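K.L.:
Here it is: the structure, laid out below.
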């Protein structure tokens, strides 16, 4: 395979000399063996000398014959695939001369012709069609045979193939506007009526993406294409939906029926719904029937009449005027561009019923989602990291791997098996179309018409599957060659398809509601909403004007541009129309009254300081008024004229900031500057009174918030996420323990948590956290003076009933013990592995009255570990049975000292116990391990890899491949491990995928953790592991033997890593775990012996000097010598061994 790999690489990189050299030997051997000729004309299959001759000499020649010209890599690419994709014409010619087959499909069913057409290389396309030894069937589709496709007729729906898109080369060329390739394919009598899996013809794709020249070519060659429409769509509908007015005009001039009706209605429905005013005018001028209804019984006018954007009202006026003939188009344009008066009174919204508006828009969204599978044929082209998304993804940015990965994460998809730094260049830029020059004002539409396609979206959950099925996905693995000058100037040929430019991303996140993002996929929506959906349409409460000002009048009052106009002045004629920003219908605007604007000057702003910058980059969803505590509300407010004078902020500065509010920092700076003069004391007192009165109003609104908040808490996490437009993260939150809306408050869910669970988009994280602030915080334990009566009732209040058994079995049976919990214990002792559940518990214990844990290392004698031989067969998750605790680190210092005091009840001996403890501490501050050379004489190293504390209080994790396990019938130490390694290596040679696990090693044992989902698979206690060794034949492979306590059988578990050094470190860490466990056992025995000695002393006369203990104990155990003498004793085992059998009982580790 070495030569074939070289050939594949040379073809991919365009190394012509290397290709010729590798194939030169093949031509010689082919001619000598009697195979096909050098030009490849002799073999019917183009195989040449590839085993076609039955001469015995051919088998001998195979040993030195050149590489197979049709060899394939893991993606199914032949050298011809690589050369065609990357535009290496000379290499293609050489491969064709050497009998390269042109009709070999890759793993996604693509021929080299598909790749060349997608790339837009007309010369290579002609080469593949005309010069190949086997004439490429130009009409060949990715998977289904032609006879199957033609069985039901070329224009009827047919069977969808699951592993391809059923696209011809003409589809690929038409979609990207490769005019020359389309010409070449049409010259070969390519059938342009074929449809892909989503029933789209090449003409549909060209109309969808605005490829004007391709549309003209296809219509000129096959005028009958205009009659090949389906109930799903027509070219006219697709072009109208995306505002390609030139394409619309060409289709109408060619005779396409403008009144053709699909499930979504007429082309006028499409253009009106997606705000394409120019297309609406063209269709009206062409005499389209405005009374056509869609499948919901709505006309185009009904669809846009109630949508609250100026663009929709403009289109509605166009249609109405066309029906009545009252005004001309120019008059409508002049009317639409006239500025509307400033909307200040939100009572004007009242005639617009929230229920009717919400119902209308929701029905549109639900209808699109219902037909998502049929209507979203190119969803994978926008979301998946595939061949079609290689074109810089409509951003104009450098198309490196980082930007692509970021783009894939934003859509929730990522291509599997993508090699780093390998990416083919995008196809050559198609000729600019007339439609691409059209731009829509982004003030009203976040996505320009040419930057966003209104392709019907799939539901989010289907995106990964679609990506997996896309036949061009693996093109990412095709090339390492970097883009040259195209990187800086490449524009996506589907720029209107992805709509992911930086500007449009900001606009989309900041202005378009998430419910519409799935509807449009980049097309400019008519319903322009500045923040959370339908929030702007809510009728204000008369008793609480603050809530209504949040979305309507607050921004309007903050945008006064005249320097001399203060908050108490009525709006001037020069003030820009703010109703456009809040997305209200033009007919609902009203003149602002002086009284209402007066009230604005005393309104607490519902947007914190710095929100202006935030609006430019992220979602503008703001918390409801009562989500802030009163004290916080006092820090951010709008200022009246007198207040702004007090703070010496000029009106010009206010206008340039675009807001009448002042941040806390600005207020505090002004206050410090003014407080130097006593004359301002009365003014500041007045300000405080104003702020206090504002707080009272907020208190009233909090009662109302409780009612609406209770409804929110009854939602599921999925419903809550859907309400904020981030339902794609439901699985991430649920799988990580954020599974209850009642416990998603700001003291539970933090930005670091969202980053850890895989939410990489900072704007989405910000929006989640903003929504979480409106949820109630988890109440601290005993916040109301009444603590739960039991641990089960406390866990039940947190919705964590599943952990009751774990808490009780681990010794946490009372609320007092729970108050001392730390996260370390939650993970290692109580096995609360879900992050959201741990954060929920910690938030409940936030205000517990205890001291901080000690910073110095704990005393290991307090571990009170049992002898290894006396351990039960309980799993590693069981806590130490002596105290229910694992270390002093987990105990408050007061509780630790109290426990020591209780163990020595005689006051007369307390001082002696203290003296012994003080003497003991210097030698116990650090556990001393024997070096590897003493612990295991065969070990060639002199030091361990980790500190002992790492294996006691934490764990050492290593990623490895698990090859399998084998029953050991005759235990022979390392010989058994070698036999098992050899057998497992052989059995896994043909496995396509070897499972990856994480070995988590502690002094207690080894855990198997699934690397994909972090679930614990199995646990092996350290006392049951008898031998661990590397495989001498493959040093990346290692194994260890365990004993099954139930059956008494021994099993050898075999693993492999990618690095020899890593394997050696794992073996050494296992050995250190043995040593740590052994030394802790010695420490435990020493502690028990000392306790027995102290007890015997208490039984004697407490007033007399301490006698020498009567047990066979060395004096150093009772009165430890200096630390320099104690350290060697830790390194040796003999210092604690005593001839008496009692002292030997717990030292066996076999």
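Keep in mind that glycine also has a Cβ here, set from the backbone N, Cα and C atoms.
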K.L.:
Where Swiss-Prot marks phosphoserine, which residue is it, choosing among 45, 501, 543, 903?
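P.N.:
Record lookup in Swiss-Prot returns phosphoserine for 903.
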K.L.:
Looking at 677, 787, which one is marked phosphoserine in Swiss-Prot?
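P.N.:
Record lookup, Swiss-Prot, feature phosphoserine, residue 677.
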K.L.:
Swiss-Prot tags one of 872-927, 928-983, 984-1039, 1040-1095 as region 'Disordered' - which one?
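P.N.:
Of 872-927, 928-983, 984-1039, 1040-1095, Swiss-Prot gives region 'Disordered' for 872-927.
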K.L.:
Test of record reading: of 107, 679, 1116, which one does Swiss-Prot tag as phosphoserine?
P.N.:
679
K.L.:
Among 403, 663, 710, which is the one flagged in Swiss-Prot as phosphoserine?
P.N.:
663
K.L.:
For the repeat 'ANK 1' (75-104), what's the mean pLDDT in this predicted model?
P.N.:
89
K.L.:
Provide the number of Cβ atoms within 10 Å of the Cβ of residue 2 (N-acetylglycine), excluding the reference atom itself.
P.N.:
7
